[in-house]
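One structure is given here, and the rest of the page talks about it.
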Amino acid sequence: MLFPFILISALCQIFSSADPLDVVYSPESFDKFRTGETRNLTIQVTSDGTKSGEDHELIVECMHEDICKVIHYPSTINFSPENNHTATFEVVIESRFLGVTHLNVTVGDEVLPGFPLRLLRSDREAKVTKYFNIFLGIFIFIISTMMGTQLEPKRIIGIARKPIGPTIGFFCQFLGMPTIGFLVANFGLPDDANSLKMALFATSTCPGGGKSSFWTIIFSGNLDLSISMTFTQTLAALFMMPLWMSTLGRHFTDAHVRIPFLRIVEGLVAFMVPTTMGMIITHYRPQYIPCIHKWIKRVSWCAMIVLSIFAIYSNYYIFWLITWRIVLCGCALPWLGYITAFIVALLLRQPFKDALTIAIETGIQNIGIAMLLMVWCLPEPESDIAVTIIFVTAIMTDKPLVIIWLISRLYKRCCKRDIVGQEDDDLEKRKIGEMSTSTITTQLSSLEPDPVVKGNTFGMKHW
């Protein structure tokens, strides 16, 4: 009869001593705790009375020291009966970097439930990003206006009547790129990095745009085809992006993905208005076309260099989040897009100039739409972390184009030197030939007999 009573008493003692300390955090969470700030957190620990009467060692630390650091807390606490076996103290936490972590509290040998921390980007970084967006808008307006001056309406109408190039670009952009993006994200990124996978796949579903027309100008491609493809693909994105995000996109997230339709339309208007202005300017002032054609490549190069430096400066935090997998996948998406679209265009017997333009339009995408998707779908700081792979993709997209351009320039310069050298040799040979001909002519003329002598000789013979 005593055995059940002893068993129940032992179980009650075990459960009563299983959690002798209770912790309460005030506030329950920090609102917009940004990098560089410090916050005070009040911690109240209550004992069941078994730990009263002596000092207990206290350790408060962040799970990830590179994200945050506890700069002040008491070394010991005491659960005195006068305070109802409760110890209340404050800790000061400094935010070092964006991310998600926990604050761990240890009293003696017992680890208490942690305090969640969500650390966001600093206000300064947000302001720098705002200035970067303003500069980007000015840059796009100027370059788009200059591009409009180089367009030929007759050729655009011809492309619209026989849209072979835009059709090839459509299938490469909205069939090939999402497939590549899904495979690269699914097999190239870690299994637990769903936000990064979703960001990369969202990038692959975006329409062509961004710096594609600028690179078309630099490589002397078909600018009329480039503008036509950008316009048609942006319109198609209104239907194709929701289709892909609601099908394969579900593999990476269960959340409802809001497609930024308004942003897509705004981007379309922001692209077409300055381009149309450029066409109107050259219609009434055609004498400006040669001058703008001379400077458009130089302005494009300068603007892209300044934009790259500004983008790196305004998003420098991303470099602390980059891993080799992110770099590899960020390179694979656009580079495979270039190769796939170029091969498909050549197989369909497109001219080299058009095939090059289709490849550029397919590989370079409008990443601004993907960034806005992440901001809408994910909270901070997950959205900032997900943007990392989009930023890497943007930085690495045009690097093979830069290398190809440098090689082509070097090749042309070397070939030009060879041609000039060959022309100099030919000129020297012609001069030597002319000198030889002149010398022979002079010698032959010296051997010709004098007319007087010929007459005397004739007379002597006659005599």
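Even glycines carry a Cβ here, placed using N, Cα and C.
Quick look at what TrEMBL lists:
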type: SIGNAL; residues: 1-18; note: signal peptide
type: TRANSMEM; residues: 131-148; note: transmembrane segment
type: TRANSMEM; residues: 168-187; note: transmembrane segment
type: TRANSMEM; residues: 225-244; note: transmembrane segment
type: TRANSMEM; residues: 264-284; note: transmembrane segment
type: TRANSMEM; residues: 296-316; note: transmembrane segment
type: TRANSMEM; residues: 322-348; note: transmembrane segment
type: TRANSMEM; residues: 355-379; note: transmembrane segment
type: TRANSMEM; residues: 385-407; note: transmembrane segment
Best-contacting stretch, by C-beta pairs under 8 Å, relative to the transmembrane segment (264-284) and drawn from 131-148, 168-187, 225-244, 355-379, 385-407: 131-148
Touch test for the transmembrane segment (385-407) and the transmembrane segment (168-187), at least 3 Cβ pairs under 8 Å: no
Contact call for the transmembrane segment (322-348) against the transmembrane segment (168-187), three or more Cβ pairs under 8 Å: yes
Within-chain partners of the transmembrane segment (225-244) [C-beta distance under 8 Å, separation at least 6 from its ends]: 147, 151, 156, 159-160, 163, 165-166, 169-170, 173-174, 178, 201, 205-209, 212-213, 216, 259, 261, 264-265, 267-268, 271-272, 275, 354, 357-358, 360-361, 366, 369
Positions whose Cβ lies under 8 angstroms from the transmembrane segment (131-148), at least six residues beyond its ends: 213-214, 217, 223, 227, 270-271, 274-282, 292, 295-296, 299-300, 303, 307, 310-311, 314
Positions on the same chain near the transmembrane segment (296-316), where near means CB under 8 A and six or more residues out: 125, 128-129, 131-132, 135-136, 139, 142-143, 146-147, 150, 211, 214, 217-218, 387, 391, 394-395, 398
